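Trainee: I'd like to ask some things about the structure below.
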Amino acid sequence: MPCSSSETSRVGCGGGGGGGAGESDNACVADFKLNESTFLASLMPKKEIGADRFIEAHPEYDGRGVVIAIFDSGFDPSAAGLHVTSDGKPKVLDVIDCTGSGDIDTSTVVKANEDGLIRGASGVPLVVNSSWKNPTGEWRVGCKLVYELFTDTLTSRVKKERRKTWDEKNQEEIAKAVKNLYDFDQKHSKVDDAKLKKTREDFQSRVDYLKKQADNYEDKGPVIDAVVWHDGEVWRVALDTQSLEEDPDCGKLADFSPLTNYRQYGVFSRLDACSFVANVYDEGNVLSIVTDSSPHGTHVAGIASAHHPEEHLLNGVAPGAQIISCKIGDSRLGSMETGTGLTRALIAALEHNCDLVNMSYGEAALLPDYGRFVDLVTEAVNKRRLIFVSSAGNNGPALTTVGAPGGTTSSIIGIGAYVSPAMAAGAHSVVEPPCEGLEYTWSSRGPTSDGDLGVCISAAGGAVAPVPTWTLQRRMLMNGTSMSSPSACGAIALLLSAMKAEGIPVSPYSVRRALENTSTPVGDLPEDKLSTGQGLMQVDKAYEYLKQFKDYPCVFYQIKVNLSGKTNPTSRGIYLREPTASRQSTEWTVQVEPKFHEGASNLKELVPFEECLELHSTNEGIVRVPDYLLLTHNGRSFNVVVDPTNLEDGVHYFEVYGIDCKAPQRGPLFRIPVTIIIPKTVASRPPVISFQQMSFISGHIERRFIEVPLGATWAEATIRTSGFDTTRRFYIDTLQICPLRRPIKWENATTFASPSAKSFAFPVVSGQTMELALAQFWSSGLGSREPTIVDFEIAFHGIGVNKEELILDGSEAPIKVEAEALLASEKLVPIAVLNKIRIPYQPVDAQLKTLATGRDRLLSGKQILALTLTYKFKLEEAAEVKPYIPLLNNRIYDTKFESQFYMISDANKRVYAMGDVYPESSKLPKGEYKLQLYLRHENVQLLEKLKLLIVFIERNIGEVRLSLHSEPDGPVTGNGAFKSSVLMPGVKEAFYLGPPTKDKIPKNTPQGSVLVGEISYGKLSFDDKEGMNPKDNPVSYPISYVVPPNKPEEDKKAASASNSCKSVSERLEEEVRDIKIKFLGNLKQETEEDRSEWRKLCSCLKSEYPNSTPLLAKILESLLSRSEAGDKISHHEEIIDAANEVILSIDVDELARFLLQKSEPEDEEAENLKKKMETTRDQLAEALYQKGIAMARLANLKARDQILISLLLSTIGKKEDEGEEESSQKDKFEENYKELTKWVDVKSSKFCTLTVLREKRLSRPGTALKVLDEMIQNENETASKKLYEMKLGLLEEIGWSHLVTYEKQWMQVRFPTSLPLF
């Protein structure tokens, strides 16, 4: 996710803070004043990193000649300051959506008619501009819901404006409808006549419907049509955006100024003010509409390179640099990055020969310096000398919170976030700024879990920078490592600009070394480097360093550290954190391997490389190293001895570094971080530890490290504050590290309006070191002279069990759980609940293809392949579902798989859910669904292995409480219920956990499904409530139940028994008849020859089985399934005849008498008779229904023909004789309808269509609309397209244009022409 926030709330990817200043320092605050120029300068901070001094001394080295790739949420090319560089060149070279979220399928080719009209993909006729050059005459069409291209914020604003306009129109129609009803009532004071009652009901229905629409209004947004064509030289794009405009003359396709692959940009409408760019891929088959998924990317680009000729103080760090925007934040996922976006962005950066990449995104990771994207970045850095800069994250202030990739990857320069007094006073507008600069409280800290420093350097972490025009403002304040990263990236662009101008070759290796060796330390303590890296970068000093040491080899010193005697795991530093390791001496083997860029000459660079290095330790008493090392191209190893036995409790940071004996002024060539944490032991029993009288001022952090007592599973903490006047905001973090797990972090941001106490509870891992980080937010309490006094107490509790994860195997046997309390007596109150079911599915289809476009070709030249897996599932009722893919979920960076994306759609191709590595629950109505999973990689063997990948569909099932017993047979006998007990220290107790009863398992659950939930054992000491859910308690553990095989189907004895009274020949005759009828139903009727053969067979069977209702019903069914492409009048007449035959074959009097009997069948024969009669009733109702539908449609067709005849006769001055046929047909329709009402509820969903047609025939469209709307609402499954088309026709008939437009937009949502592209 983006590592920034526009507020001072806790943000998603990091943390930070600095040491508190003493009281004597507070005197300097009063002397700090801003004037207008320093205020403006503070909004876009450059002084802090020396960029202003550098540009003042070297105005030509302002980023000119440097291209930066911005990997972010996209970019608005209309934003202020992002049009031209300082030397007049185009600021932006390309704008690319790497995620595919703006892709439109334009593979459909149409040709214009003689009037220049084409039919757009949405079905709308479009006029093509006659001046557009198109030698082939082929127009490629596609469409997209415009809200899919907008951010949530923009969508909300546009919806609000559109709702206002819609409400005005709807209110106008309501007023008209109410007036019509009033006029009717005035004209008819008494309404006794049935027809008048129905007419009044129609007027009332119109009023009610309009009011209901106002209550149920949901704007899914207009559809825009896109047209792509080739003018003989380039692909061109035009959009029709009339649906966004109020003025019908605006937004027409023919008036659009065609775009080409990023040359200019368009704006959808004046309402949204949203800029977009168009790119065409795959020979015109794919159009990419590029919009931003948040203001973040434009803001980042502005910090790095904005150029404001009218106000240079607001310039970005490198106003002369050019940029390309690579959108990695997927609009479909709320701006979350995807593997596809990351890979394509890297390909684009290399294709454009970018010098630098800035990426202000990141996530927590399982493993540092690991994963497919990390491998691709490392390859680009080493082979193409790409300098990659990224945010360290915003998850501080605890240690080991740096995110991937910025804080965890050796080939990436990870940036922490710094705030200066000027930034605090100007950009943040605090009353009194801090006396000196410090790291933001939330900026992520190192080291990484494998001991690397994590944060390389720091830069200004906040700015008021350009934002997209659709925000309706020019600039915005944001802060985060997302802002510090482009600040550093812009500063590096200044260095590259200078080196290029002076002809000095540079590489990522030399630049990184220059930055680290010239940064200004922030803070006075060695361990401050864990927060700030090597310090605050200084451009001018780095420039001098690069010039001075330009002739030295460009080498990256790869460090591999192993505990002596072990080959695994390999780390990049020494990190002693856990109790045993940090209390004894250890010896480590360090391997230093010089890495040259690809293409380095063997004879000129590798063979001659030899460096005599002097090895140093920042504290020889703790970390001992050899004095010297002779390093050659093949690398060397040396030993390091670490003795922490005399260190006090807390964090200690040291470095081992190598100095070039011949050029010591180069500074450290490599550094090996050594972080040692000495935890405090909790000796008291019960185990309670407290920290008293801690004093906090703004930005101050207190870290305490505690060895969690063995047996502890949760902790209860209380914080008490005192001694302050103004409101104080605190961050409270705890963090533990376990192998092959993301850091286990608990965090709380709490505010104290006055001195008070608050209590918390959080889970802990027994025996592991826990960091407690308390931080007063950097801007909290500024302006106050009163420090905050804090007392913090932690009481450890624990109930240990023999099995943390419980799996019930599907049998009746319970699981025995043994529990004990090692620390103090605890109340054992187990609660076990299953609340979700996961049903496994295997793919029904697997399609592997090579992706065609250049945006999917790697640096190595390999083309990426895509595997699309299709799964089908059915919901018997509406539910919230979530795909669960154990192999792939929850990892973006720390995975060797490139990308995953899923899409859930119904039979109408309506998409209900999309997602990637972090699936979310989506509400789906009852029905059948298709899930498509899209996987990408260039390794075909790897994708082949995934062709049978299992996907679980997870949904809620309500709470299924599991029984607890004190005896093993309890789940079966029901005896020995276990409720609670008091555990005494060191004494084990046990109980049995029973499986769920069979009636609690959802019906028709397939074998292999898994019911999942949680179990808890203890409760909070400060909470008297009995938690009914395991999540209410301090610690809960996973529990699952594997669904066993279903009960075998019993032999169908009933069928044979029912036939036992009939002779063999009778049964054979029935079987033969049924097979013939079935065969008739399966015959195709696609051609006239097919239909002729079908008619012959029908005639033959009717003569063989006269008046056979099942046969006649099957004939009617076959007619209904036939296409209406031919003579529609004849087709409907044929249906009417077939329906009449079904009706005449049934003795309706006998059927009525039987159905009036309410008695239950006494024997099997009576039961079978009942079923037969019910089937006959259904066949009669179906025949009456289909006859009525055919009569209504036939009448419509004849009415249209009649109109044409009347028009023809009127042109020659003749009048047509009006006959009685129309009246007769109406009477027959009514008779048929009344007959149907005798047998079924005509307002039910199955037969309601006929009621709607009847009301429409009787000129009561309001009542028809009411009935139809109720039917659609009551449909258990997705309503058919025909129903919505009927609704649309009624709205058009009434003349409610605003609702017609509304429904047409919804038609595009409910019934899209195709699924969207991945």
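Placement of Cβ uses the backbone N, Cα and C atoms for every residue, glycine included.
Note that the structure is a prediction, hence the values are computed from the model and not measured.
The following feature annotations were taken from TrEMBL:
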| type | residues | note |
| --- | --- | --- |
| ACT_SITE | D72 | active site, charge relay system |
| ACT_SITE | H296 | active site, charge relay system |
| ACT_SITE | S482 | active site, charge relay system |
| DOMAIN | 63-524 | domain 'Peptidase S8/S53' |
| DOMAIN | 568-677 | domain 'Tripeptidyl-peptidase II first Ig-like' |
| DOMAIN | 698-780 | domain 'Tripeptidyl-peptidase II galactose-binding' |
| DOMAIN | 822-1005 | domain 'Tripeptidyl peptidase II second Ig-like' |
| REGION | 1-20 | region 'Disordered' |
Trainee: Would you list the DSSP helix, strand and coil counts for the residues of the domain 'Tripeptidyl-peptidase II first Ig-like' (568-677)?
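Mentor: Tallying H, G and I as helix, E and B as strand, the rest coil: 11 helix, 57 strand, 42 coil.
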Trainee: Cα-Cα, whole number of Å: H296 (active site, charge relay system) versus S482 (active site, charge relay system)?
Mentor: 8
Trainee: Fill in the CA-CA distance, S482 (active site, charge relay system) to D72 (active site, charge relay system), as an integer in Å.
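Mentor: That comes out at 10 Å between the alpha carbons.
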Trainee: Count the Cβ atoms, other than its own, that fall within 10 Å of the Cβ of H296 (active site, charge relay system), considering every protein chain shown.
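Mentor: Taking every protein chain into account, the count is 30.
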Trainee: Name the range, of those listed as 63-524, 568-677, 698-780, that has the largest tally of Cβ pairs under 8 Å with the domain 'Tripeptidyl peptidase II second Ig-like' (822-1005).
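Mentor: When the Cβ pairs under 8 Å are tallied, 63-524 comes out ahead.
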Trainee: Which whole number is the mean pLDDT over the domain 'Tripeptidyl-peptidase II galactose-binding' (698-780)?
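Mentor: A mean pLDDT of 95 is what the model gives the domain 'Tripeptidyl-peptidase II galactose-binding' (698-780).
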Trainee: Long-range same-chain neighbours of D72 (active site, charge relay system), Cβ under 8 Å, sequence gap at least 6?
Mentor: P2, H296, G297, V300, A301, S325, C326, K327, I328, G329, N358, M359, S360, Y361
Trainee: What is the number of other Cβ atoms found within 10 Å of the Cβ of S482 (active site, charge relay system)?
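Mentor: Neighbour count, Cβ to Cβ under the 10 Å cut-off: 38.
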